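Some features that TrEMBL has for this protein:
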TRANSMEM  30-50  transmembrane segment
DOMAIN    31-435  domain 'Ammonium transporter AmtB-like'
TRANSMEM  62-80  transmembrane segment
TRANSMEM  120-140  transmembrane segment
TRANSMEM  147-170  transmembrane segment
TRANSMEM  190-206  transmembrane segment
TRANSMEM  218-238  transmembrane segment
TRANSMEM  250-271  transmembrane segment
TRANSMEM  278-296  transmembrane segment
TRANSMEM  302-321  transmembrane segment
TRANSMEM  342-361  transmembrane segment
TRANSMEM  381-403  transmembrane segment
REGION    480-536  region 'Disordered'
COMPBIAS  484-495  compositional bias 'Polar residues'
Amino acid sequence: MSTADESSGNVGTDPTVDNLNAPFNAGDQAYIIVSAAMVLLMVPGIAFLYSGLARRKSALSLIWVTVMSFSVVVFQWYFWGYSLALSSTATNGFIGNLDKFGLRNTLGAPSPGSPLIPELLYSFYQMQFCAVTAALVIGATAERGRVVPAMVFTFFWATLVYCPLAYWAWGANGWALQYGVLDYAGGGPVEIGSGVSALAYSWVLGRRNEKMMLNFRPHNISLITLGTILLWFGWLGFNGGSAFGANLRATMACWNSCLTAMFAAMTWCLLDYRLAKKWSLVGWCSGTISGLVAATPASGVITPWASILLGVVSGVACNFGTKVKFMIGIDDALDVFAEHGIGGIVGLIFNALFAADYIIGLDGVNMGVTGGFLNHNYRQLYIQIAYIVAACAYTFVMSAIIAKAIDLVPGLHLRASSEAELLGMDDDQHGEFAYDYVEVRRDYLAWTPAERDPKEDGAVVVPQHGIAGHQDLAESARLRAPGTGSSAENNNHILTSRTSTGSRKGRRGSGSGSGSGPVTPPPEKEKEGEVVAVGRLGVVTEGEKVEVTQ
């Protein structure tokens, strides 16, 4: 074997001699690369969504843990994650081996997931799936979890929970794949994996302080909406790209994803309207996400009309699923289980009922695969249920064990102190803020340093931001005011003083010259038409009304 063969990790291939791209369609490769980039956008989408759903004092922390979890997963996936999740040489049905450790033996051979793309591209695309799932799980830390232990949890969770789940569903010898489970884009590894893991982590972490949750509402609905739009865009790469080529199955998956999301969003909004008689934007976002979750395992196997039904059912199931956390007493702060766990289960059940062989075969590779009830394959329901039960049980137990084990390590306790929870995770864990009101207060004091109420002098105060040039007009009004002192000089407002013949108005900005300093006493007597002030904006005389417009 040549040196090039050894460095590439592929026996019998030399990229300095052989064109390793030749067996693959360039369009398929380009499509999957773009799809991977689209899926990557889901990570900041999740960050914005979680940040908007939380309270202001923990908004930045949720962005940090989400994007940092991506960094952890990139290393884990390169180190041994890909090999453990999708190694084609493993002989057991539970988890892969280390044959692909450090991306060894991963270059130009056809991928284990599809012959349409090379394995190097396949490994990169699948890395985004693990990253998105980890980002979803980490929302369980909301408002009371320490960030460093959460990152340690992410590494071991990706190794011991996500990798086995992915191998079951997509590994060449995974037991679920061999058993005939239909899971198109990750109802088990991604949706059940994230939803049930978040539930387990929340259980170990404990409930938030109830007294601090009075009248709790999402603090920024605009961020929630932005995150949802980014997620929808990325989900088209998530579900469309799972066809592993630019083909009709990818297009069908995108169609089905949009149909399911749309009908789930409308259903959720209607369910919320029946209670509040208001049309909730948060409800639209929640419904959209629940529909996209349900479409993840189903969009590439069911028909479009079934996707409409899936949207309605997932909207109802996930909406009512938000009540589960109250029934079981687990504080799933961001409803990760309600939307992802329950949504993924609904999608997997729909595969048994509405999967069609002619939809599955649209990629030109999986012709002949049998669908569900539509193809008279009634056994598929039992297969799907067994897969759901196994995935839920393994995920919850293993996630709870990992979280509890980390919590017992000195210095890695998962939960922040009660004082830190009261202060907020932004201040306690980061010393930074999504909204730095300390700086806002400093800015406010810089341009409104009034020390006493100008109304005591009979003035009408209209607070204004400073504009250079208004200082002179404000100075003229100060000179006209009785009992002028340093406090009047420091007042950055429009002052209107009434005289026997008219009124004067002036506005003082935050330009140079404001502040304390020598005060010129006002004239003892003012005469009609007497010039009292000359400034950059003109001459102010007795009896003249000065209007300043911005």
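Cβ atoms here come from the backbone N, Cα and C positions, even for glycine.
Between the transmembrane segment (218-238) and the transmembrane segment (278-296) there are 3 or more Cβ pairs closer than 8 Å, counting only residues 6 or more apart in sequence, so the two stretches are in contact. Using the rule of three or more Cβ pairs under 8 Å, pairs at least 6 apart in sequence, the transmembrane segment (147-170) is not in contact with the transmembrane segment (342-361). In the predicted model, the domain 'Ammonium transporter AmtB-like' (31-435) shows an average pLDDT of 95. Comparing 190-206, 250-271, 278-296, 302-321, 342-361 for CB pairs under 8 angstroms to the transmembrane segment (381-403), the maximum falls on 190-206. Of the Cβ pairs linking the transmembrane segment (250-271) with the transmembrane segment (120-140) and spaced 6 or more residues apart, fewer than 3 are under 8 Å, so the two regions do not touch. Between the transmembrane segment (190-206) and the transmembrane segment (342-361), the number of CB pairs under 8 angstroms, six or more residues apart, is three or more, so the stretches are in contact.
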